[in-house]
Structure formats: structure tokens, C-alpha cells
Ligand SMILES: *[C@@H]1O[C@H](CO)[C@@H](O)[C@H](O)[C@H]1NC(C)=O
Ligand SMILES: *[C@@H]1O[C@H](CO)[C@@H](O)[C@H](O)[C@H]1NC(C)=O
Ligand SMILES: *[C@@H]1O[C@H](CO)[C@@H](O)[C@H](O)[C@H]1NC(C)=O
């Protein structure tokens, strides 16, 4: 809708609302004048109209809030899903590689010795699977044998012995990750940075990286069947660091000493607290957390893969998918050394791939992408049918030292890429959490809150509707203590009518809790958990309670280039505001809250990081 028109309608509606409210609360019915017997009906009708007007207002305010629609990547068009598109696929401009900064603002330089922009780039072709090029089978790292370990160690040793300017050199391989996470390259046709974390590029870029790395390792030892192995941290048997990476040549010094075997990894790690649950408790927490990140919190591609990053600064977005946030980020941090300023190596993007364990960690992430697609029944189709995603391309040196351009559409099927995963049991599928407090008991307590028992809640009693009608303060609210807010659920049928959008495909909509305007002072490490209808102790509540809706983890994104700070770059001023989206349909069903008009949402800061976090508000949306 046109902005002026929108504002005019808004003002009219507001005037109407005030009037209606005045009539409803006007002369008391007991005085018996004007309205007589009709009064209850009138009141009823007005109340009804008012209710829908408020919702319509919400929608209008929402449409006003949309970012300006000018693009830097050519004319914007709209896709079949009605979302704006830039129409030019993302790629890195390889002609200039810039020095960049680490997450902690220290200069890093990951550029190749000679600019890749001067090399010939060929388009990717799938490898042939034949007897001499069999399918590579990636096995769980805790199950591999000595013969495999010897091969892998030899391949890495050769990689490390290559000259430092050789594209197959181990540290140049590691720098691939640094290049695309610290902003060494611009996007083509734009001054925006090309980065592959915190968006829908995360899974495909890492798949392509591992694909080429694995084939190079195989080539170096003359083994066409060589495959990486995966750190199966989602299974109880695989939760400790695999022996392959801790006992022999692939042992690495830059790791947290207190997390070496036999320590069970903490998939929802709260840096940097030493607390550890007893082993069996930690296993149960991990499984429940996996269930949440893979199943109940990830019912839509955008929730699992991350936000839709498009070309140009206007297409920027910042919203990792469930698994990228955690366990991906959390396990990186958990492994990295507490003795280093940025928990290098694994704990910082620029240095992470220097630890061989990186590749096993990411092989598991890659495997979980495939597992998720199969759970969703999406294995035979692209996760997003969107050319802005499918046509985005990355470049890597292949095993023949050829620079190759691979598109996201080439990265969707591991079998076509010549590898597969040996399956292990998905124990977390059976770890659907139960409510910490039986829903009928919780309901009683929550009703009392509704009835005005706000003594405990004065600071936090905030309502929000579909759009930002009542957000927190204009300046947002610090999370120095838990915030609990009552959040109204939008009226689905009304929204559908108002927005006039057919649901012809019949696909289920997911109810999504949106915590918006999240800002972390200094872009430091920060974490908070989100709960729905929580009445149990928030300090001890966690992923094993059904009330747990998800977690927000800020990993510093650093990436400020030393030269020419760019518009839209994290370094160009205050850290950007981030939106957290959490799928809650299944959770609401399990909490028996599916019919309620509103839910109570608690934001619980963790690890003493709350004072750095501010939040603008909370709302509920539906996602197709
Ligand atoms: C960059 O812009 C040029 C000229 O407008 C266009 O031909 C080219 O396709 C664009 N490249 C990408 C990847 O968008
Ligand atoms: C790549 O960057 C160079 C240097 O900034 C610029 O001259 C060139 O136009 C860019 N190419 C594209 C396709 O964006
Ligand atoms: C692996 O490296 C760590 C850190 O340097 C060290 O403490 C440990 O003893 C090493 N393990 C083996 C088996 O070499």
C-alpha cells in the first residue's frame, strides 16, 4: 500500500477506535438513558469492531515497517511467494581481496598470494560415479578403524607440507573459511560484503567447501574413495571429541583442556561457565535440544536454513537457522581454547578451520541438513525454489587445481556430489520434551497473572499484538533480568482475509515467535533462552522442558574490514539489530495452549551476558 494512504487510514482508524471506546465506556448503563435495551448489543458490536480494527491496525503498522524497497542490485521484482527479489544472484567479486578483522577486531589476512580474480574459473560439473570413482562414505568418527586413521593423518600431513602458496596447502584450505566469514570479498556489482554465515548460504557453502577439501585429501594419497568422517555429537556414543582427533597426529593444541575426552559435549553450551551436568543428564539435555533444533523448531526451510540473504546492502539479513545457531556455534565455542582471546582456533570464524576437528564438526552439520530434508520429505526438491538462492555461486580450487564456480543448486544432493553418510540411530527423534509443569496447573497460575496479579510483573508486563503496536520502550529494553511479556496471537482467519493471500498449496502455516530488534552492545558474546508459558524456575529450566522455545546466541561477527568501512557492514557503527524467529506450533500444542488468545513469553539471559542485550519487542507471526 502507498505510504501516505496507509498513514491516512491509520489515523482514521485511530479516531474511530477512540470514539468507539468513548461510547462503550460512556454514561453508565445503570443511568438507563439513550441506549436503553439496545445497549448490550451495541456494546457487543462495538467491541467486535474494535477487536478487528486493532488487528487491522497491526497489519497496517506492519506494512509501514517494511524496509524501503530500493535495491542496489538492479530492479526489484517479486517472487511467487510475494517477497521482494533483487533478481541478481550473489557471488563474490574476486578481483580484490581485502585485509579484514577477526571477531575480536584484530587484523587478519586470509587472501591468496595471487588474486583468484586473475584465474580462469570453470563451471562446476558433477563427478562421475564409476568403479574407479565410487561413492565416498562418510562414517561416524568414533567408529573408524586404524587403517582409515593412518590414511587421514597421511593426507593431512601432505597438505601441511605443501608450499604455503599452493591452493591445496592445509592453511590455505583453512583460509577459505576465513575469506568468506570476515568479509575479504565484496559481492559482485555491489559494495556489500560477501559472507556465508547467519543466512541461507550457511549450509550450501559449507557443503561445497567440504566437498572440495575431501576430494583434495583423497587425491593427495591416491585414494578415490577417501571420505571425511563426521563427529556424531547428536548421538550419545559420539558426544565426546572423537579419538581420531585427540590422540594422534590430528590432535590439536588450541582447544579447551577441560573439554577433552571423556567430557561430554554441551550442545547448548553457555560460554564460558565450567558447570557440567552429570554425564547422563548432559546426554539427555543434548538429545532434547537436538529434537528442538531439528524437529519442533525447524518446521520451515527458513527456520532451519536461515534468513533469505539477497544481493546488495538492501538484501542484507541476519538470522541463522536453528542448527547454525546451536549446536553449530555452541560446539565451535565449546571446542576452542579458553586460553586464547577469541577461543581460537575453533571458537573464532577466522581460525576455525585450522583445527582438523572443524571438518568432522561440519560433516555432521552437513549430514544433519540431509537428515532434516528427509524428515521433512524434501529430499527430492530444493529447500527454497528461489533463483536468488539457487543461482548464488561460490568458488573453490578443485583437486585438479582448477578454480571452479559451484552454485547452490549444485549442492543440494550429496549422492550427485559422490558421497553419502553412514547412518546412525537418531536417538533425539524420541526425545520430545515434556512440559515442566502440567499444562492444566500452569494454566491456573497464568490465569492469575491475567487477572491482574502483576505484583511480580510490573516491570515486565507488556502486551504485544501482531505488529509493533505495543513494543517495549521506544529504546528497547535491557535484558539485565528476565523479561516476561504477554504476547497476543494474531487471528489467523482475519489475517488471511486482510492480506488476501490464498493458501492454495494447502501447506501448513507455522506459528512463529519473533523477538525483534535484538542488539548486543559491542557485538560481544551473548546468550538468552526463550520460554513460552513458563511457570517453573527459569534458572533451572532448559531444553528438557517443553516450555523451551529456543535460544539466541550472539557470536561476534567482527569482520570489519581495515579499509573503507562499508555501508551495511557490522563495523560501520552500532551492531545491527537482529531478529530471532522460533517455530512454536508443536510446542503450543504440547502445552495445550493452541486455543489461547495470548501466550506468556520469557526471555532469560544466560551466562551473565544480559546487561549487554537490548530487545525492542516480541510478536507472533505465521510463516508459510
Ligand atoms: C553484474 O552486472 C552486470 C552489468 O549490469 C551484469 O551483466 C551481470 O550479470 C551482473 N552480475 C551478477 C552476478 O549479477
Ligand atoms: C569488482 O571489483 C572491482 C574493484 O572494485 C570493480 O572495478 C569491478 O567493477 C567489480 N566487478 C563486479 C562484477 O562487480
Ligand atoms: C593432545 O593435545 C593436548 C593439548 O595440547 C594435550 O594436552 C594432550 O596430552 C594431547 N594428547 C595426546 C594423546 O597427545
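Indices start at 1 and increase along the chain as displayed.
Glycine too: its Cβ is placed from the backbone N, Cα and C atoms.
All annotation found in TrEMBL is predicted automatically rather than curated by experts.
Per TrEMBL, these features apply:
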| type | residues | note |
| --- | --- | --- |
| SIGNAL | 1-25 | signal peptide |
| REGION | 66-85 | region 'Disordered' |
| DOMAIN | 197-214 | domain 'Tyrosinase copper-binding' |
| DOMAIN | 355-366 | domain 'Tyrosinase copper-binding' |
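Each residue in the domain 'Tyrosinase copper-binding' (197-214) gets a DSSP state, and the totals come to 13 helix, 0 strand, 5 coil.
Beyond the domain 'Tyrosinase copper-binding' (197-214), the same-chain residues lying 6 or more positions past its ends with a Cβ under 8 Å from any Cβ of the stretch are 90, 136, 173, 176-177, 180-181, 226-228, 301-302, 305-309, 317-321, 324, 349, 359, 362-363, 365-366, 369, 383-384, 389, 392, 394, 396-399, 404, 406, 408, 410-412, 414, 417, 419, 557. Secondary structure of the domain 'Tyrosinase copper-binding' (355-366) per DSSP, as helix, strand and coil residue counts: 10 helix, 0 strand, 2 coil.
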